[in-house]
Amino acid sequence: MLEAPGPSDGCELSNPSASRVSCAGQMLEVQPGLYFGGAAAVAEPDHLREAGITAVLTVDSEEPSFKAGPGVEDLWRLFVPALDKPETDLLSHLDRCVAFIGQARAEGRAVLVHCHAGVSRSVAIITAFLMKTDQLPFEKAYEKLQILKPEAKMNEGFEWQLKLYQAMGYEVDTSSAIYKQYRLQKVTEKYPELQNLPQELFAVDPTTVSQGLKDEVLYKCRKCRRSLFRSSSILDHREGSGPIAFAHKRMTPSSMLTTGRQAQCTSYFIEPVQWMESALLGVMDGQLLCPKCSAKLGSFNWYGEQCSCGRWITPAFQIHKNRVDEMKILPVLGSQTGKI
(Lines of atoms letter the chains of each structure in order from A and count residues from 1; the text may use other names and numbers.)
(Lines give C-alpha, C1' and ligand atoms only; values in the text may rest on other atoms or scores of the structure.)
Protein backbone atom coordinates (compact mmCIF):
# COMPACT_ATOMS: atom_id res chain seq x y z
CA MET A 1 0.00 0.00 0.00
CA LEU A 2 1.12 3.59 -0.50
CA GLU A 3 2.27 5.89 2.27
CA ALA A 4 1.71 9.64 1.98
CA PRO A 5 4.92 11.49 2.91
CA GLY A 6 5.06 13.57 6.03
CA PRO A 7 5.65 17.34 6.04
CA SER A 8 9.43 16.98 5.77
CA ASP A 9 9.61 13.70 3.85
CA GLY A 10 10.33 13.12 0.21
CA CYS A 11 8.44 10.74 -2.10
CA GLU A 12 8.55 7.19 -0.75
CA LEU A 13 6.85 3.90 -1.55
CA SER A 14 6.25 1.43 1.25
CA ASN A 15 6.20 -1.24 -1.45
CA PRO A 16 8.40 -0.73 -4.54
CA SER A 17 5.99 -2.79 -6.68
CA ALA A 18 2.95 -0.76 -5.65
CA SER A 19 1.48 2.09 -7.68
CA ARG A 20 3.09 5.48 -7.21
CA VAL A 21 1.79 8.25 -4.99
CA SER A 22 2.46 11.90 -5.79
CA CYS A 23 4.93 13.84 -3.70
CA ALA A 24 2.00 15.84 -2.36
CA GLY A 25 0.46 12.64 -1.05
CA GLN A 26 -2.88 13.75 -2.45
CA MET A 27 -3.43 11.42 -5.40
CA LEU A 28 -3.26 7.71 -6.07
CA GLU A 29 -2.26 6.04 -9.32
CA VAL A 30 -4.90 3.57 -10.51
CA GLN A 31 -2.89 2.47 -13.54
CA PRO A 32 0.05 4.04 -15.38
CA GLY A 33 -0.91 7.62 -16.18
CA LEU A 34 -4.29 7.62 -14.39
CA TYR A 35 -4.69 9.19 -10.96
CA PHE A 36 -7.56 10.14 -8.67
CA GLY A 37 -7.70 12.38 -5.64
CA GLY A 38 -9.26 15.38 -3.91
CA ALA A 39 -9.15 19.15 -4.29
CA ALA A 40 -5.78 19.37 -2.54
CA ALA A 41 -4.21 17.56 -5.49
CA VAL A 42 -4.73 20.63 -7.71
CA ALA A 43 -4.00 23.27 -5.07
CA GLU A 44 -0.41 23.72 -6.23
CA PRO A 45 0.92 23.43 -9.80
CA ASP A 46 4.02 21.73 -8.40
CA HIS A 47 1.90 18.78 -7.26
CA LEU A 48 0.71 18.17 -10.80
CA ARG A 49 4.14 18.68 -12.33
CA GLU A 50 5.77 16.23 -9.90
CA ALA A 51 3.31 13.51 -10.93
CA GLY A 52 3.54 14.41 -14.63
CA ILE A 53 -0.15 15.33 -14.78
CA THR A 54 -1.08 17.15 -18.00
CA ALA A 55 -4.87 16.60 -18.01
CA VAL A 56 -7.32 17.28 -15.17
CA LEU A 57 -10.95 16.22 -14.92
CA THR A 58 -12.80 18.00 -12.10
CA VAL A 59 -16.11 16.65 -10.77
CA ASP A 60 -17.14 19.14 -8.11
CA SER A 61 -19.53 21.95 -7.27
CA GLU A 62 -16.98 24.59 -8.30
CA GLU A 63 -14.29 24.71 -10.95
CA PRO A 64 -10.82 25.06 -9.43
CA SER A 65 -8.77 28.16 -10.14
CA PHE A 66 -5.31 26.97 -11.08
CA LYS A 67 -2.41 29.07 -9.85
CA ALA A 68 -0.04 30.30 -12.52
CA GLY A 69 3.00 28.12 -12.96
CA PRO A 70 5.04 26.13 -15.46
CA GLY A 71 2.84 23.84 -17.55
CA VAL A 72 -0.50 25.17 -16.28
CA GLU A 73 -1.33 26.84 -19.60
CA ASP A 74 -0.92 23.52 -21.42
CA LEU A 75 -3.20 21.55 -19.10
CA TRP A 76 -6.16 19.80 -20.66
CA ARG A 77 -9.14 20.50 -18.43
CA LEU A 78 -12.70 19.26 -18.17
CA PHE A 79 -15.10 20.49 -15.49
CA VAL A 80 -18.30 18.60 -14.66
CA PRO A 81 -20.49 20.45 -12.12
CA ALA A 82 -21.83 17.87 -9.67
CA LEU A 83 -22.73 17.67 -6.00
CA ASP A 84 -21.98 14.55 -3.99
CA LYS A 85 -25.65 13.69 -3.52
CA PRO A 86 -27.57 10.54 -4.54
CA GLU A 87 -29.96 12.61 -6.68
CA THR A 88 -27.14 14.16 -8.75
CA ASP A 89 -27.26 13.11 -12.40
CA LEU A 90 -23.77 11.77 -13.08
CA LEU A 91 -24.88 9.19 -15.65
CA SER A 92 -25.51 11.78 -18.37
CA HIS A 93 -21.87 12.94 -18.12
CA LEU A 94 -20.17 9.53 -18.14
CA ASP A 95 -19.55 9.23 -21.89
CA ARG A 96 -17.93 12.67 -22.01
CA CYS A 97 -15.74 11.93 -18.99
CA VAL A 98 -14.65 8.50 -20.20
CA ALA A 99 -13.87 9.93 -23.66
CA PHE A 100 -11.80 12.74 -22.11
CA ILE A 101 -9.70 10.29 -20.11
CA GLY A 102 -9.32 7.95 -23.06
CA GLN A 103 -8.25 10.66 -25.48
CA ALA A 104 -5.75 12.12 -23.02
CA ARG A 105 -4.20 8.71 -22.37
CA ALA A 106 -4.09 7.96 -26.11
CA GLU A 107 -2.00 11.12 -26.58
CA GLY A 108 0.39 10.15 -23.81
CA ARG A 109 -0.97 12.50 -21.18
CA ALA A 110 -1.22 11.56 -17.50
CA VAL A 111 -4.71 12.27 -16.16
CA LEU A 112 -5.96 13.29 -12.73
CA VAL A 113 -9.64 12.84 -11.92
CA HIS A 114 -10.56 14.69 -8.74
CA CYS A 115 -13.52 15.87 -6.70
CA HIS A 116 -13.46 17.59 -3.30
CA ALA A 117 -12.53 14.74 -0.97
CA GLY A 118 -11.48 12.09 -3.49
CA VAL A 119 -13.83 9.41 -2.17
CA SER A 120 -17.11 9.55 -4.12
CA ARG A 121 -17.48 11.58 -7.32
CA SER A 122 -13.97 10.99 -8.65
CA VAL A 123 -14.23 7.33 -7.64
CA ALA A 124 -17.47 7.01 -9.62
CA ILE A 125 -15.87 8.47 -12.77
CA ILE A 126 -12.76 6.28 -12.52
CA THR A 127 -14.99 3.24 -11.91
CA ALA A 128 -16.93 4.02 -15.10
CA PHE A 129 -13.67 4.33 -17.05
CA LEU A 130 -12.44 0.95 -15.81
CA MET A 131 -15.81 -0.62 -16.58
CA LYS A 132 -15.70 0.68 -20.14
CA THR A 133 -12.06 0.07 -21.02
CA ASP A 134 -11.65 -3.28 -19.27
CA GLN A 135 -15.25 -4.48 -19.78
CA LEU A 136 -15.60 -5.04 -16.04
CA PRO A 137 -18.84 -5.36 -14.09
CA PHE A 138 -19.48 -2.53 -11.65
CA GLU A 139 -18.52 -4.52 -8.54
CA LYS A 140 -15.12 -5.60 -9.93
CA ALA A 141 -14.15 -2.11 -11.10
CA TYR A 142 -15.26 -0.53 -7.83
CA GLU A 143 -13.36 -3.13 -5.82
CA LYS A 144 -10.11 -2.18 -7.56
CA LEU A 145 -10.38 1.38 -6.26
CA GLN A 146 -11.43 0.33 -2.77
CA ILE A 147 -8.32 -1.84 -2.54
CA LEU A 148 -6.21 1.18 -3.47
CA LYS A 149 -8.13 3.47 -1.14
CA PRO A 150 -10.26 1.67 1.50
CA GLU A 151 -12.13 4.86 2.41
CA ALA A 152 -13.36 5.26 -1.18
CA LYS A 153 -17.15 5.16 -0.97
CA MET A 154 -19.43 6.60 -3.64
CA ASN A 155 -23.02 7.38 -2.64
CA GLU A 156 -25.83 4.94 -3.40
CA GLY A 157 -27.19 7.11 -6.21
CA PHE A 158 -23.91 6.89 -8.12
CA GLU A 159 -23.77 3.12 -7.54
CA TRP A 160 -27.25 2.79 -9.06
CA GLN A 161 -26.29 4.94 -12.05
CA LEU A 162 -23.16 2.89 -12.75
CA LYS A 163 -25.23 -0.28 -12.70
CA LEU A 164 -27.48 1.32 -15.31
CA TYR A 165 -24.34 2.21 -17.27
CA GLN A 166 -23.35 -1.45 -17.21
CA ALA A 167 -26.87 -2.53 -18.24
CA MET A 168 -26.64 -0.22 -21.28
CA GLY A 169 -23.38 -1.84 -22.40
CA TYR A 170 -20.97 0.78 -21.00
CA GLU A 171 -22.33 3.70 -22.98
CA VAL A 172 -25.12 6.19 -22.31
CA ASP A 173 -27.71 5.21 -24.90
CA THR A 174 -30.28 8.00 -24.73
CA SER A 175 -32.62 6.05 -27.00
CA SER A 176 -32.75 3.02 -24.71
CA ALA A 177 -35.72 2.30 -22.45
CA ILE A 178 -33.31 2.15 -19.50
CA TYR A 179 -32.10 5.71 -20.02
CA LYS A 180 -35.56 7.07 -20.78
CA GLN A 181 -36.90 5.56 -17.54
CA TYR A 182 -33.91 6.95 -15.64
CA ARG A 183 -34.46 10.43 -17.09
CA LEU A 184 -38.11 10.32 -16.09
CA GLN A 185 -37.18 9.32 -12.56
CA LYS A 186 -34.72 12.23 -12.29
CA VAL A 187 -37.49 14.64 -13.34
CA THR A 188 -39.86 13.04 -10.83
CA GLU A 189 -37.41 13.82 -8.03
CA LYS A 190 -37.76 17.54 -8.84
CA TYR A 191 -41.49 17.51 -9.60
CA PRO A 192 -43.76 19.43 -9.01
CA GLU A 193 -41.27 22.24 -8.27
CA LEU A 194 -40.37 22.37 -11.97
CA GLN A 195 -41.98 25.28 -13.79
CA ASN A 196 -41.50 23.63 -17.17
CA LEU A 197 -40.80 20.09 -18.25
CA PRO A 198 -37.61 19.59 -20.30
CA GLN A 199 -38.48 19.24 -23.97
CA GLU A 200 -36.09 16.31 -24.38
CA LEU A 201 -38.37 14.40 -22.03
CA PHE A 202 -41.04 14.15 -24.72
CA ALA A 203 -41.13 11.81 -27.69
CA VAL A 204 -41.97 13.45 -31.00
CA ASP A 205 -45.67 13.47 -31.86
CA PRO A 206 -45.95 10.85 -34.64
CA THR A 207 -48.34 13.12 -36.57
CA THR A 208 -45.49 15.61 -37.10
CA VAL A 209 -43.17 13.12 -38.84
CA SER A 210 -44.08 11.13 -41.92
CA GLN A 211 -41.72 8.22 -41.45
CA GLY A 212 -40.65 5.93 -38.67
CA LEU A 213 -37.79 3.51 -38.23
CA LYS A 214 -37.75 0.18 -40.00
CA ASP A 215 -40.07 -2.38 -38.37
CA GLU A 216 -41.52 0.21 -35.98
CA VAL A 217 -45.12 -0.09 -34.89
CA LEU A 218 -47.45 2.91 -34.82
CA TYR A 219 -50.21 3.01 -32.20
CA LYS A 220 -53.45 4.80 -33.07
CA CYS A 221 -56.56 5.78 -31.16
CA ARG A 222 -59.08 2.99 -31.69
CA LYS A 223 -61.93 5.47 -31.92
CA CYS A 224 -60.66 8.19 -34.29
CA ARG A 225 -57.45 6.62 -35.70
CA ARG A 226 -55.27 9.51 -34.60
CA SER A 227 -51.58 8.46 -34.37
CA LEU A 228 -50.49 8.56 -30.71
CA PHE A 229 -47.05 6.99 -30.21
CA ARG A 230 -44.51 4.62 -31.72
CA SER A 231 -43.17 1.33 -30.39
CA SER A 232 -39.84 3.03 -29.63
CA SER A 233 -41.65 5.00 -26.90
CA ILE A 234 -42.72 1.89 -24.97
CA LEU A 235 -40.76 1.39 -21.74
CA ASP A 236 -40.68 -2.36 -21.19
CA HIS A 237 -40.35 -3.82 -17.71
CA ARG A 238 -39.99 -7.19 -16.06
CA GLU A 239 -43.04 -8.94 -14.70
CA GLY A 240 -43.78 -8.05 -11.09
CA SER A 241 -44.47 -10.50 -8.29
CA GLY A 242 -47.01 -9.04 -5.93
CA PRO A 243 -46.29 -6.35 -3.31
CA ILE A 244 -42.52 -6.83 -3.50
CA ALA A 245 -42.61 -5.63 -7.11
CA PHE A 246 -43.53 -2.12 -6.01
CA ALA A 247 -41.93 -1.97 -2.59
CA HIS A 248 -39.30 0.50 -3.79
CA LYS A 249 -39.99 3.69 -5.69
CA ARG A 250 -36.81 3.55 -7.74
CA MET A 251 -36.65 0.89 -10.43
CA THR A 252 -33.53 -1.28 -10.46
CA PRO A 253 -31.57 -1.97 -13.64
CA SER A 254 -32.84 -5.57 -13.68
CA SER A 255 -36.48 -4.48 -13.50
CA MET A 256 -35.90 -2.07 -16.39
CA LEU A 257 -34.35 -4.78 -18.57
CA THR A 258 -36.58 -7.20 -20.43
CA THR A 259 -36.42 -9.05 -23.70
CA GLY A 260 -39.98 -8.54 -24.85
CA ARG A 261 -43.47 -7.33 -24.09
CA GLN A 262 -45.26 -9.06 -21.23
CA ALA A 263 -48.46 -10.68 -22.48
CA GLN A 264 -50.12 -10.35 -19.06
CA CYS A 265 -49.71 -6.56 -19.05
CA THR A 266 -52.99 -4.92 -20.07
CA SER A 267 -51.38 -1.51 -20.60
CA TYR A 268 -48.42 0.05 -22.35
CA PHE A 269 -46.17 2.19 -20.15
CA ILE A 270 -44.58 4.79 -22.39
CA GLU A 271 -42.43 7.90 -22.33
CA PRO A 272 -44.42 11.15 -22.51
CA VAL A 273 -45.33 12.26 -26.04
CA GLN A 274 -45.52 15.91 -27.11
CA TRP A 275 -49.33 15.92 -27.29
CA MET A 276 -49.46 15.12 -23.54
CA GLU A 277 -47.53 18.19 -22.40
CA SER A 278 -50.46 20.47 -21.54
CA ALA A 279 -52.12 17.73 -19.48
CA LEU A 280 -48.99 16.99 -17.42
CA LEU A 281 -48.00 20.48 -16.30
CA GLY A 282 -48.65 21.38 -12.68
CA VAL A 283 -50.53 18.23 -11.64
CA MET A 284 -49.39 14.97 -10.11
CA ASP A 285 -51.86 12.65 -11.83
CA GLY A 286 -54.75 12.61 -14.25
CA GLN A 287 -56.28 11.06 -17.33
CA LEU A 288 -54.68 10.77 -20.74
CA LEU A 289 -57.19 11.68 -23.44
CA CYS A 290 -56.90 11.43 -27.20
CA PRO A 291 -55.85 14.90 -28.44
CA LYS A 292 -58.30 14.60 -31.34
CA CYS A 293 -61.51 12.93 -30.08
CA SER A 294 -60.93 13.14 -26.29
CA ALA A 295 -61.50 9.40 -25.84
CA LYS A 296 -59.96 8.12 -22.61
CA LEU A 297 -56.72 6.32 -23.39
CA GLY A 298 -55.22 5.80 -19.96
CA SER A 299 -53.73 7.76 -17.10
CA PHE A 300 -50.54 9.24 -15.68
CA ASN A 301 -49.12 9.54 -12.19
CA TRP A 302 -45.76 11.05 -11.28
CA TYR A 303 -45.74 8.94 -8.09
CA GLY A 304 -46.27 5.78 -10.12
CA GLU A 305 -48.91 3.19 -10.90
CA GLN A 306 -49.05 -0.58 -10.69
CA CYS A 307 -49.12 -2.61 -13.88
CA SER A 308 -51.51 -5.55 -14.10
CA CYS A 309 -48.43 -7.83 -13.93
CA GLY A 310 -47.64 -6.53 -10.44
CA ARG A 311 -44.71 -4.25 -11.30
CA TRP A 312 -44.80 -0.71 -9.91
CA ILE A 313 -43.73 1.87 -12.51
CA THR A 314 -42.54 5.35 -11.46
CA PRO A 315 -43.46 7.70 -12.99
CA ALA A 316 -46.27 6.11 -14.99
CA PHE A 317 -47.72 7.12 -18.35
CA GLN A 318 -50.13 4.30 -18.99
CA ILE A 319 -52.09 3.61 -22.19
CA HIS A 320 -54.64 0.79 -22.06
CA LYS A 321 -54.07 -1.75 -24.82
CA ASN A 322 -57.78 -2.02 -25.58
CA ARG A 323 -57.92 1.70 -26.44
CA VAL A 324 -55.38 1.62 -29.25
CA ASP A 325 -54.66 -0.33 -32.43
CA GLU A 326 -51.27 -1.38 -33.79
CA MET A 327 -50.21 -0.36 -37.28
CA LYS A 328 -46.97 -1.87 -38.56
CA ILE A 329 -44.93 0.50 -40.69
CA LEU A 330 -42.88 -1.19 -43.40
CA PRO A 331 -40.50 0.45 -45.89
CA VAL A 332 -41.89 0.56 -49.43
CA LEU A 333 -39.84 1.59 -52.48
CA GLY A 334 -36.99 3.02 -50.46
CA SER A 335 -38.14 6.35 -49.06
CA GLN A 336 -41.86 5.64 -48.86
CA THR A 337 -43.59 3.83 -46.03
CA GLY A 338 -46.41 1.36 -46.09
CA LYS A 339 -48.83 0.41 -43.31
CA ILE A 340 -50.40 -2.99 -42.76
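Backbone N, Cα and C define each Cβ position, glycine as well.
What you are looking at is a predicted structure, and each value in this text was computed from that prediction instead of being measured.
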Write down the residue from S92, S176, S231, S335 that Swiss-Prot flags as phosphoserine.
S335
Between the recorded positions C115, V119, whose Cβ has more other Cβ atoms within 10 Å than any of the rest?
C115
DSSP tally for the domain 'Tyrosine-protein phosphatase' (26-171), helix/strand/coil in that order, comes to 67 helix, 28 strand, 51 coil
Mean pLDDT over the domain 'Tyrosine-protein phosphatase' (26-171): what is the value?
94
List the other residues in this chain whose Cβ sits within 8 Å of the Cβ centroid of the substrate site residues H116, A117, G118, V119, S120, R121, in sequence order.
G38, D84, C115, S122, V123
